[in-house]
Structures are given as C-alpha cells and as structure tokens.
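Here is what TrEMBL says about this protein:
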- H115: active site, pros-phosphohistidine intermediate (ACT_SITE)
- K9, F57, R85, T91, R102, N112: ATP binding site (BINDING)
- 1-138: domain 'Nucleoside diphosphate kinase-like' (DOMAIN)
Amino acid sequence: MERTLVILKPDCVWRGLIGEIIKRFEGEKFNVIALKMFHLSVEEAEKFYAVHQGKEFYERLTGYMSSSPIVGMVLEGKKAVLRIRELIGATDPKNAIFGTIRNKYAINGLMNVVHASDSLESASKEITFFFKTEEIFHYQRREE
Ligand SMILES: Nc1ncnc2c1ncn2[C@@H]1O[C@H](COP(=O)(O)OP(=O)(O)O)[C@@H](O)[C@H]1O
Ligand SMILES: [Mg+2]
C-alpha cells in the first residue's frame, strides 16, 4: 500500500467538481484517509511549489493556488503514486490521454483541476506539508 497527496485545485472547487473527482478516486479503490479544506497564503503556495521557483509560470502558479480555497487529501491504495498520476493525466490537458481527469476537466495547463505527488519521496514530503500524523487515518474497504 502506498500513500499520495492530492490537492483539488481552485478551479475544481469553484466549478463544483469536488465530489466528482473524489468519486473517481474512490471508484478506483483508493481510500481517502485524510481530508481538509485550506486557503493557502501566497507564501505557503511558494513554499509548496518551491521546486518550480524560477520557472516562467511560477508566479502565475503560486498566485492561482492562493486565489481561493483548495481541498487537500491523502489517498491510500496499491501503487497509489503512479496510479493516481495515471488517472489525472498529463499536466497540459492537450497532452492528457482521453478519459483522464485533466483531459476531461482541465481548463488549461495551469488550471488543471488536481495536483498529485510524482514520487514516493515527494508524497512523503507533501503529506507532511499539509497533514499532522493524527489527521491521517486507516481503514479497510468493505463492499457490503
Ligand atoms: N507551462 C505551464 N504553464 C502554466 N502553468 C504550468 C505550466 N507547467 C506547469 N504549470 C502549473 O504548475 C503545476 C506544477 O507543474 P508540474 O509539477 O510540472 O506538473 P504536475 O502538476 O503535472 O506535476 C501544474 O500542475 C500547473 O498547474
Ligand atoms: Mg508536479
């Protein structure tokens, strides 16, 4: 079992897609084991996206991510890091495979609905960024 961090970005929240996107993840047998709404300050967004500092889209990205509330969650499941990245699709919806979340819902390469950790190492760091240990839970999925 792996854990990964997912953020439902401002465009997901303001278009009323929170439930739709969580439903996709739950439908693929991932458990939501932590869930919280945040409104990041610009400084927090800059810290979270520090790896992108200096890139031409950095200011737009941090301004956008701090523009309205977002939903952070930890998902748990088999090969969660890679599988969730596959489910969300490429960064730019023009390059995202048909049927992926970004292919279906992203507005453009900036407002692309969802963030997901890109490796086990970044998942661990990103989960710690948003959640305390006691805010993360564990349960078994039951079908009945
Ligand atoms: N060329 C770009 N133009 C505008 N925004 C971008 C661009 N590249 C990336 N972004 C934004 O920065 C976020 C982080 O970039 P990156 O880590 O490369 O993509 P991903 O979210 O797929 O891991 C993207 O999800 C997107 O919101
Ligand atoms: Mg990334």
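Backbone N, Cα and C define each Cβ position, glycine as well.
Projection of TrEMBL feature records onto the structure.
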{"residue": "K9", "record": "ATP binding site", "DSSP class": "coil"}
{"residue": "F57", "record": "ATP binding site", "DSSP class": "coil"}
{"residue": "R85", "record": "ATP binding site", "DSSP class": "helix"}
{"residue": "T91", "record": "ATP binding site", "DSSP class": "coil"}
{"residue": "R102", "record": "ATP binding site", "DSSP class": "helix"}
{"residue": "N112", "record": "ATP binding site", "DSSP class": "coil"}
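Note: N112 (ATP binding site) has non-local neighbours K9, D11, T91, D92, P93, R102, A106, i.e. same-chain residues 6+ apart with C-beta under 8 A of its own C-beta. With a 10 A radius on its CB, T91 (ATP binding site) counts 13 other CB atoms from all the protein chains. Across the structure, F57 (ATP binding site) and H115 (active site, pros-phosphohistidine intermediate) place their CA atoms 16 angstrom apart. The binding residues for ATP are recorded as K9, F57, R85, T91, R102, N112; their greatest pairwise CA distance is 21 Å. Neighbour density at the Cβ, taken as the number of other Cβ atoms within 10 Å, is lowest among the recorded positions R102, H115 for H115. Neighbour counts were taken as the number of other C-beta atoms within 10 angstroms of each residue's C-beta; across the binding-site residues K9, R85, the minimum falls on R85. For the pair formed by R85 (ATP binding site) and H115 (active site, pros-phosphohistidine intermediate), distance between Cα atoms is given as 9 Å, rounded to the nearest Å. Confidence annotation: the domain 'Nucleoside diphosphate kinase-like' (1-138) carries a mean pLDDT of 98 in the model. The binding-site residues near ligand 1, defined by a Cβ under 6 Å from one of its atoms, are T91, N112, chosen from K9, R85, T91, N112. F57 (ATP binding site): 12 other CB atoms within 10 A of its CB, across all protein chains.
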